[in-house]
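Asker: One structure, pasted below without further comment.
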Amino acid sequence: MTSETGFDADRYKRFPTRGPRPDGELEELERIWCKPKGWQWISAINNNYVGVYYVGAAMLFFVLAGLLAVLMRTQLALPMQGILAQETYNQFFTVHGTMMMFLFAVPAVEALGVLLLPQMLGARDLPFPRLSAYAFWAYLIGGLAFFCSLFFGLAPNGGWFMYPPLTSMTYSPGINADFWLVGIGFIEISAIAGAIEIIVGVLRNRAPGMSLDKMPMFAWAMLIFAVMIIIAFPSVILATTLMELERALDWPFFDPVRGGDPMLWQHLFWFFGHPEVYIIFLPAAGATSTIIPAIARTPLVGYRLVVMAMMATGFISFGVWAHHMFATGMPTISTSYFSAASMAVSVPAGVQVFAWIATLAAGKMRFNTPGLFAVGGLVTFVMGGLTGVMVAMVPFDWQAHDSYFIVAHLHYVLIGGMVFPFFAAIYYWLPMTSSRPLSERMGKWVFWLMFTGVHITFLPMHLTGLMGMPRRVYTYLPDRGWELPNLISTAGAVLTAIAVLLWIIDMARNFRPFGNREAGNVFDGPGLEWLPTGLYSVRSVPVITSLYPLWEQKGLSRDVEAGRYFLPNSATGRRETIVTSTLNAEPQYLQRMPVPSPWPIWAAVFTAAAFLLLTIQAYWPSLIAGVLGIYCVFNWCWTLDRPVDQLTADIGAGIRVPTYRAGPSSHGWWAMVLTLVVGGMVLSLAAFSYVFLWSRNPGEWTPPPPLASLPWILAPYAAAALLSWGACRILRLARPRSGLIATVLLVGASGLVGLGWVLEWEAWRGIGTDPTAHAQGAMVYAFLAWQGFFAFIATVMGLYASLRWVAGLIAPDRPTTYDLIALFVVYTAGQGAFAALLVHLFPGG
Amino acid sequence: MSTGSPEGTAGWPPPVLDPAGPFAEPVTTVSWVLFAMAGAVLTLVLVALGVALFGPRRWRKRLGGARLIWIGGLAFPVLVLSALLVYGLGLTSHLADDPQPGEMRVRVTGEMWWWRVAYLDDRGREVLQDANEVHIPVGRPVVFELDAADVIHSFWVPRLGGKKDMIPGRRNYLRLQADLPGSYGGQCAEYCGGPHALMGLVVVAHAPGEFDAWRARQAAPAPTAALITRGSEVFRRSGCGACHTVRGTDFNGLAGPDLSHVGSRRTLGAGILPNNQGTLGGWISDSQAIKPGNRMPAYPVLTGEDLRAVSAWLDSLE
Amino acid sequence: MANRLDTRASLSAVPAMGLACAVIGLAGCADKADQPRSLAGADPARGLVVIKRAGCASCHAVPGVRWPAGATAASLDGFGDRPLISGRLPNQPDTLVRFIRDAPSLDPQTAMPPMPVTEAEARHVAAYLYTLR
């Protein structure tokens, strides 16, 4: 195997080291990684804490959304009941769907990732623990506020899919719809933050030797999951932004009278919404692919096939969105394509299912609770997949679409594909964080009740749909034959609720986290997460030579515990983890990890406050909260990117690596690039929206400002990009004044970006474009708004850069802060130039 | 058993599996093919799973390799899906032909939360308006022009064919045909807020001669003999004409359903109530108790005699 | 069938007494303490079907009809125990049957229109209403 980084793989042979480790190493690790004392527990950022909170919050939202489901089923048990009023029911089903998708499913799997990945990868923690903490707290506060809107009758009532024009100001004048947009805003923030964290973590924080082909299945799944989030979520970011702009400022993106089109929303929403299903499914499938081999005590059959299947799922899932729109009157050619793609996406799912069956056949299944949930999930998922193939058939979908058949289908897929595997994961991995495992006896009850309940609930719904019952109805007329299946479904829902209740009792009795010892590997799993750990994660970071290290690398636990591998101590006396190369996981440098800090939490609180205050139209308080939020982010970043006194450190057995890295191979650079990919995706989708709206009414579009204005807009952008690049080069020259010059250049660049933006705005204002008059103007101003947001952040970053320079925190050998700001400014300039070129040249005069 | 609910909506046999016309029939066939496919594949998976979990060691050994994935997870699904796809695509193109000249056209506009129905002549002009009920001749394809007045709705009469969305700013076409006379129930299938659950409609298929007679009756203005009554006076005084049209009078409101022949309709409140003097009275007096959230305000102020008079007058508009 | 509907109707009225009274009323044997309200050949179960078909509930709340529950006219809950129809006519079977078919002929001020039901159907309806106690 050739080396990726020039690291000599022979050096791995030095491990495990021999001889006793010096005294006090372990104590030092414990001191460095200790949890914050007393009331400061809240500022904990270790994944062992935040991961547990995160999973807990997701489960809380699962229970709350499930409660709504039980109430809805009670209303539907008999025809024309008045248990829930019409408006209440409409709010309930909207909140149920929204919470299950956005506040449970996505965060739950992301939470599992945050909790499990560091241990599975043999890292001390994921690379950006403060970001994880921020994502978690923003999610918790935003989610709770969203749920509480129900108590005030202010919850959204337009369905989780929020189709305009029903959700437009005309038909939803209240702030209910805005609560949806805000709730989703939070999950956008936390999901993307989490995704960046996971991508960089999985690709750069693996234990040495854990090349991609030795990476645990769950890590693969989380990697693909995170990449999909980066690609899919921008679509919902754009959609929600456009809708909020339409609602708040009357810019008619979706209003057909003024050149908009409600179908634009459907395209954007489902371009996110369908991959979303696989975003939820893949990590759960990854968990199943991890649990089934452990339960059957045999390696997963077809590891490579399953990895490829997951990649294929991710890829194809971006080509199936319009199968939610077969009844909208799309041309036959489009429906045919989407029909074919929707069927194709079931093939990789089939590969995974048969890989699981083959694994069970190769080993010997142990019928414990995680095993039951995994197999129960498999069966349920297959059933949902088969009805999925049915509705991929266009003519059948014309009948089944928006009927209870779909309700049955989607619950089979999501419960079989995500909920059961998630419960399997909880039962399987809980002993990792709790001093007691959950009760096996009770767990079996939970499984069988839930399995039976789910099937009793949803199996009859296939029939109810074929009997003509539409979805999203708060009641139904008597004497249509729908009474019996509905009553059965309700009975099933109650059974499911009892199962969840039993599980809650089990949790209350046995879940004891944050203790000094854990129940440990009760199911005899093969992954690194079952190595003995403390708050510092593993005592020493092992060299990985196998896909199932605990089964195949004899004595691994003992050697790791004894500190005979990498990083048996703290090499620099601070929190740190090893950054390794992407393909072969060769050690590259030592990353200094942040310490606990309350600032990310305060930043989350003020972000939440700013959004919520905006929703209730308290503009000034919202602005103040926003400014405070930025202040908190400054403080959060202030202590990062600081010099370390040693330039290199011994990470074990005399192997020395640098303690700092800037440029394209540093973890910060990766995170910034991923963030900008998100921005670029939003931009591309906005360009799509622009062309789409033009194609609807080309005759109504008016000519852009005179071409002569274009160079004046592009010039500042080009100059900004040049200055940013120059700033980084000059800083690296390490001349006496290079810090000052670089700072001036960077601040100047961010100012130029603002100038380009102002000139572009002037150009359109000059020809009297009114964003409320027509969708064309609305789109132009939407580009301006998006660019303005980036220009504002660039300005804030410029301010931060100057503050850092004033404080003397910018040095030629610590250029990362400036590198990242420069990257952002260059992107913003490019984005502004692209948008300007598009709206000035297409469709042109 | 005919009871309170509208005609043509009996749940059994399931309407999707009980087609009544050539645009529903192939879908039913597809459904059965798909059920068979799903049943067979599920059985296969369950058998494989059963063997993997409980089978004798020798059988398990055969299953426990990558070969199972190649055959069961890859080759088999690709085969089955390709066959289905070819079958489905052929059907789709046949079911979704564009409207041809000379076909009968009915324009149905989804409104919150009822259906405006307009019958069009050969040149696409409206010849008469109605609401919540579509009358068609049997044995002849009818093109439905689907519009939306406010938000998205979806037109669905399961025994006659699949559904099609009604989208503001667009016009969709759906071709349906009933082979036998009778009533076929339907309901809005796209969530449209408020009482979406109570937005039903009925398609009534007539034998050809009967259809022409019905159409001639409807095309006439409202029966004039009934005009100068106390009921029409109450109707005028209460301002009902601001929203409702009664052709042949100066009541010409457009917001609500055309009432020129309301007495001849089978249902009231968009397919949810039987239609007679009594239910008309109840609807006028307090429609909000019957269909909460609908756009018609309650008129509890009418005296008993006035209420009776106006409902009697409306009932007489056949 | 009749028994099932009876039970449901009376359960929603006065649970304890209802069942017994309904059974007595059905059998046609008048209790001394009760007014004689025999409707020969009338079937309360068919009455309920007629009530649903005619849509009586769009004005009256009718026990046994889940929806609608109109508030335009008086609830018919406990109708069997009422001494008067519409507050002014004696609650006797013949009067009730006539009132159901053509209320304005008995009470010109009533809001209740003549209902499109036959004599026989009106008798079934009356029989059902008398089970409501």
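Keep in mind that glycine also has a Cβ here, set from the backbone N, Cα and C atoms.
Below, the features straight out of TrEMBL:
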DOMAIN    A:35-542  domain 'Cytochrome oxidase subunit I profile'
REGION    A:1-24  region 'Disordered'
TRANSMEM  A:52-72  transmembrane segment
TRANSMEM  A:92-117  transmembrane segment
TRANSMEM  A:303-324  transmembrane segment
TRANSMEM  A:336-360  transmembrane segment
TRANSMEM  A:406-430  transmembrane segment
TRANSMEM  A:442-464  transmembrane segment
TRANSMEM  A:599-616  transmembrane segment
TRANSMEM  A:622-640  transmembrane segment
TRANSMEM  A:669-690  transmembrane segment
TRANSMEM  A:740-759  transmembrane segment
TRANSMEM  A:779-800  transmembrane segment
TRANSMEM  A:820-842  transmembrane segment
Asker: Between A:52-72, A:303-324, A:336-360, A:599-616, A:779-800, who has the most Cβ pairs under 8 Å to the transmembrane segment (A:406-430)?
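Answerer: Answer, by Cβ pair count: A:52-72.
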Asker: Considering only Cβ pairs under 8 Å, which range in A:52-72, A:303-324, A:599-616, A:622-640, A:779-800 makes the most contacts with the transmembrane segment (A:336-360)?
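Answerer: The stretch with the most contacts is A:303-324.
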Asker: Give the one range among A:303-324, A:622-640, A:669-690, A:740-759 whose Cβ atoms make the most pairs under 8 Å with those of the transmembrane segment (A:820-842).
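Answerer: So the stretch in question is A:669-690.
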Asker: Which sequence-distant residues neighbour the transmembrane segment (A:669-690)? Criterion: at least 6 residues beyond either end, Cβ under 8 Å.
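Answerer: Non-local partners: 127-128, 192, 195-197, 199-200, 203-204, 230-231, 233-235, 237-238, 242, 253, 264, 268, 271, 662-663, 779, 782-783, 786, 790, 816, 819-820, 823-824, 827, 831, 834-835, 838-839, 842.
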Asker: Which sequence positions outside the transmembrane segment (A:92-117), separated from its termini by at least 6 residues, show Cβ-Cβ distances below 8 Å to it?
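Answerer: Hits for the transmembrane segment (A:92-117): 47-48, 50-52, 54-55, 57-59, 61-62, 64-65, 68-69, 71-72, 84, 123, 126, 132, 136, 139, 143, 146-147, 149-150, 155-161, 180, 183-184, 187, 190-191, 194-195, 197-198, 201-202, 218-219, 222, 225-226, 229, 276, 279-280, 283-284, 287, 414, 418, 422, 425, 429, 432-433, 472, 529.
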Asker: Return the average pLDDT for the domain 'Cytochrome oxidase subunit I profile' (A:35-542) as a whole number.
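Answerer: Within the domain 'Cytochrome oxidase subunit I profile' (A:35-542), the model's average pLDDT equals 93.
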Asker: By Cβ distance under 8 Å, which residues at least 6 away from the ends of the transmembrane segment (A:303-324) in the same chain are close to it?
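Answerer: Answer is 213, 217, 220-221, 224, 227-228, 231-232, 266-267, 270-271, 273-275, 277-278, 281-282, 285-286, 289, 330, 334-335, 338-339, 341-342, 344-345, 347-349, 351-352, 355, 391-392, 397, 547.
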Asker: Could you give me three numbers for the region 'Disordered' (A:1-24), the DSSP helix, strand and coil residue counts?
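Answerer: Computed counts for the region 'Disordered' (A:1-24) are 6 helix, 0 strand, 18 coil.
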